Amino acid sequence: MQKINFFDTINNIWRKMLDKICQLARSAGHCIMKLYNSQKFINVSYKPDNTPITDVDYAANNIIKKGLSLISPQIPIISEEESYNFEICRNWNSYWLVDPLDGTKEFLKKNGEFTVNISLIEYGVPILGVIYAPFFDVLYSAFYDNAWKEEKFGSKKKINVAQAEAPLLVISRSHPNETLKNYLEKIKCCKIKKMGSSLKFCLIAEGTAQIYPRFGDTHIWDTAAGHAIVIAAGGKVQTWTGGNLNYSLSSRVSFINSGFYASAL
């Protein structure tokens, strides 16, 4: 009789789930690109924090929510495009985090630097992350300590962070501030690249960039998928005080993150 390895069985179950999440991210991305390439008028409104939201955000969100509800109906979902009673969410140990269109500003600028972000949180830790950049047709994924990159439905390859003699520092294209400006003035040895959305995390994870500093506020759906991918690729994501970004809702007062940095060092 063939012996069944319990851990291999569990691992295979999670790998199959990851594959489904990757397919779901692609489906949302294809919807985004259909609207990106169309001549249809895109309705834009603004949230209280003055960030834009469009019909495209909602369309992608509906695809992801429906898909996640079929894949794992027992796991609740937190999406950027929904409203939640935070006190109820505080009791969730496991939940999905979704940003259906990360980089709406980049989408509206037509520069291609926008992504679909999906991650799974278990007891405050992002254990699974998927980032799909539909304009470039590149997908990044991670589960625990393994991270991969797949281009244009090609072969999936493992990725790892990499150090460099002349580190590349990647920063937000649309969120400059005075603290970042002062920081960059002190970092003379680094090359600097501006990039939109969670692609900054991906550049760290694949070894192209080495440092991603963020001083302004973000939300947990902005960072969780990228966090999972960087950690799985051997990097780190920490607050400026040296702590870990924590996604445990019971220890938070809101969905907002303070500043952090991701790095290969």
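Cβ atoms are placed via backbone N, Cα and C, with glycine included.
Per Swiss-Prot, the features are as follows:
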- GLU80, ASP99, LEU101: Mg(2+) 1 binding site (BINDING)
- GLU80, LEU101, ASP102, GLY103, THR104, ASP222: substrate binding site (BINDING)
- ASP99, ASP102, ASP222: Mg(2+) 2 binding site (BINDING)
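Residues ASP57, ALA60, ASN61, SER79, GLU81, VAL98, PRO100, ASP102, THR104, VAL116, ASN117, TRP221, ASP222 surround the recorded Mg(2+) 1 site, their Cβ atoms falling within 8 Å of the Cβ centroid of GLU80, ASP99, LEU101, which are themselves excluded. Other residues of the same chain near the Mg(2+) 2 site, with their Cβ within 8 Å of the Cβ centroid of ASP99, ASP102, ASP222, are GLU80, LEU101, GLY103, THR115, ASN117, SER197, SER198, HIS219, TRP221, THR223, ALA225.
In the three-state DSSP scheme, ASP102 (substrate binding site) falls into the strand class. Other Cβ atoms within 10 Å of the Cβ of LEU101 (Mg(2+) 1 binding site), summed over all protein chains shown, number 29. Relative to GLU80 (Mg(2+) 1 binding site), the binding-site residues with Cα atoms inside 10 Å are ASP102, ASP222, the candidates having been ASP102, GLY103, THR104, ASP222. In the structure shown, the C-beta of ASP99 has more C-beta neighbours within 10 angstroms than that of any other entry among the binding-site residues ASP99, ASP102, ASP222. Counting only residues at least six positions away in the same chain, the Cβ atoms of GLU113, PHE114, THR115, SER174, GLY196, SER197, SER198, LEU199 sit under 8 Å from the Cβ of GLY103 (substrate binding site). ASP99 (Mg(2+) 1 binding site) sits 7 Å from ASP222 (substrate binding site), taking the CA atoms of both as reference points. The C-beta environment of THR104 (substrate binding site), restricted to residues of the same chain at least 6 apart in sequence and closer than 8 Å, consists of THR51, PRO52, ILE53, THR54, VAL56, ASP57, PHE114.
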